[in-house]
Amino acid sequence: MIRLETRFASSFIQSSKLEPFLEKSESARLTLHSSQGQGKEYLGWLYLPKELKNSEIERMTQVAERLRNSSEVIVVIGIGGSYLGSRAVLEATLPFFKKPSIGNPEIIFAGHHLESRYFSELIEYLEDKNFSINVISKSGTTTEPAIAFRLLWELLRKKYGSSASSRVVATTDSSKGVLKKFADSEKLDTFTIPDNVGGRYSVLTPVGLFPLAVAGISISKFILGFQNILNDIHSITDPTRNPATYYSALRNYFLSEGRYIEVLANFNPSLRYVSEWWKQLFGESEGKENKGIFPASMDFTTDLHSLGQYIQEGKRILFETVLSPSEVCSNLTLKPTQDNLDSLNFLSGNTLGYVNEQARLGTLLAHADGGVPCLELVFPDISPQSLGELMYFFEYSCAISGYSLGVNPFDQPGVEAYKKNMFALLNKPGFEQEGETLRKRISRN
């Protein structure tokens, strides 16, 4: 079970002021389970860990194994919730350094930006390698992944001719959309994105599960993590004992105290993309109607040598939540040297994991002393099962926190603003008039 520790934040919390936020969080949790809140049509994720079909899991595993056995590289194409969840788990659990091969392929991501050098070098990199594609898009028309798939499909056809289709798996809508139409015409293997699950809550659908399977990660253990924590946090009604409700209450309490930035920090570089996934989850869910906490992330101890100064002595507008796995790799022991030129012999006999843990504790003490409340999210280890628990904890907390704020945590209307302007500037049919207006504005500036 995930624990939320407040030992480095308790001095910033007044019980009498926190109480209304605890009550509001529990009320929001009940609203979530009543299926009567805003965005109720997108609650498919809530009970999904109990509803997954073994037949679908087996089919994903079989198709993934086929791609693994024919590919040195598998390119996962998607943006936002279509790639961040799987990338978070892959980056956290796969070795930092490995030599890819057929049967043990390298996983590369594309379609999450529009930078031309990246695509030019990716195409060149793939030209002499056996590769396959998992393209993920509900509609098939999202600009970034659509462009990526167009470019890589062209290369795939050039390399493999009529057999190219056997190297593409599409994760898309069950019955409609451009990608679904293309998949049917090319007879691609397909997996379905449920209509009642939004992108940022979709890591337990084929959106997240299939890329894990092609990477060789046990999706059954990942699913087990979701199932285990669901049974706990759905049943605990005391908001001080339910870590998800408590986290939601504390976040909104700190917001009311003028702390409108939350820093999700980690002391393990493998957790960096967990933070990236978390930023989308909370940013898109809460950042609307001029409300919400701004989600930021930092990688320690690296960022202590850049942003650490601001946290220690800058404007007191933030609080920290620190990802704290209980078990970390500790098999590297520091040995003494005869001359001790670096003056590090005092560390001899200690593992590097122990040194990193003392850095974590020292940082939390320093930041709390500097006026920054620091929460700790304690979970067992960095494994697929523990990450499953952590991700469901965040999804559940985010929905509760959004309802507590009075916003719909399942839509993202503001995302369309940049798309509309981009389409107009690119002369997309139907946007010509807006394009002229925007170009005039740009020229005046």
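Glycine too: its Cβ is placed from the backbone N, Cα and C atoms.
Fair warning: this is a prediction, and the values are worked out from it, not measured in the lab.
Residues or ranges marked as active site, proton donor in Swiss-Prot: GLU284. All protein chains included, GLU284 (active site, proton donor) registers 24 other Cβ atoms within 10 Å of its own Cβ. In the three-state DSSP classification, GLU284 (active site, proton donor) falls within a helix.
Non-local neighbourhood of HIS305 (active site): empty, since no residue in the same chain at least six residues away has a C-beta under 8 Å from its C-beta. Per Swiss-Prot, active site is recorded for HIS305 (among others), and the stated evidence type is sequence analysis.
Secondary structure from DSSP puts LYS419 (active site) in a helix. Around the Cβ of LYS419 (active site), a 10 Å sphere holds 12 further Cβ atoms from the protein chains shown. The active site annotation in Swiss-Prot covers LYS419 (among others) and is backed by sequence analysis.
A helical conformation is recorded for HIS305 (active site) in the three-state DSSP classification. If you measure from the Cα atom of GLU284 (active site, proton donor) to that of LYS419 (active site), you get 15 Å.
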